[in-house]
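Undergrad: One structure follows; several queries about it will come next.
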Amino acid sequence: MAYPILAAGGLSAIITLIHVFMGGPEVARPLLASGDLAKHPKYVAYYCWHLVSISLGLMSLLFLWPALWGGSNDLAVMGSVMAALFALWGIGLRQFSKADLAFIDLPQGWLFVPIAILGFWGSLF
């Protein structure tokens, strides 16, 4: 068993749970309750919320499958690529956005850095 891949899967699963159970009430519900947002952008954003939920769950599975049940580490490589891209976008958004965002406003990108590192490292074994 590649323990770094297992750790990446565990961290990814924790982030998935945080996204669904803490982020839902904090982000998705206020989005739907927003009266000043038109119906189309509101439900497109809500759809994207669920796509992120699915992507995070899939990322967890990409790490946990080879860690727990064996098989090709290619799955973990794909999960690592996803985590690295999520990290790059999350960190870069703050720098490239025209909005005045502080780190506390958008820390999510940094959560994917250890997942990407552990996943890539574990894929070497």
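From the backbone N, Cα and C atoms, a Cβ is placed for every residue, glycine too.
In case it's useful when we look at the structure, here is the feature table from TrEMBL:
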type     : residues : note
TRANSMEM : 6-24     : transmembrane segment
TRANSMEM : 44-69    : transmembrane segment
TRANSMEM : 75-91    : transmembrane segment
TRANSMEM : 103-124  : transmembrane segment
Undergrad: Let me spell it out: take the transmembrane segment (75-91), skip the flanking residues so only those 6+ beyond its ends count, and list any with a Cβ under 8 Å from a Cβ in it.
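TA: Counting only partners 6 or more residues beyond its ends, the transmembrane segment (75-91) has Cβ contacts under 8 Å with 2, 5, 8-9, 12, 55, 58-60, 62-63, 65-67, 106, 108-113, 115-116, 119-120, 122-123.
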Undergrad: Given a Cβ distance threshold of under 8 angstroms, which distant residues of the chain, six or more beyond its ends, lie next to the transmembrane segment (103-124)?
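TA: Sequence-remote neighbours of the transmembrane segment (103-124) are 2-8, 11-12, 15, 59, 63, 67, 73, 76-77, 79-80, 83-84, 86-94.
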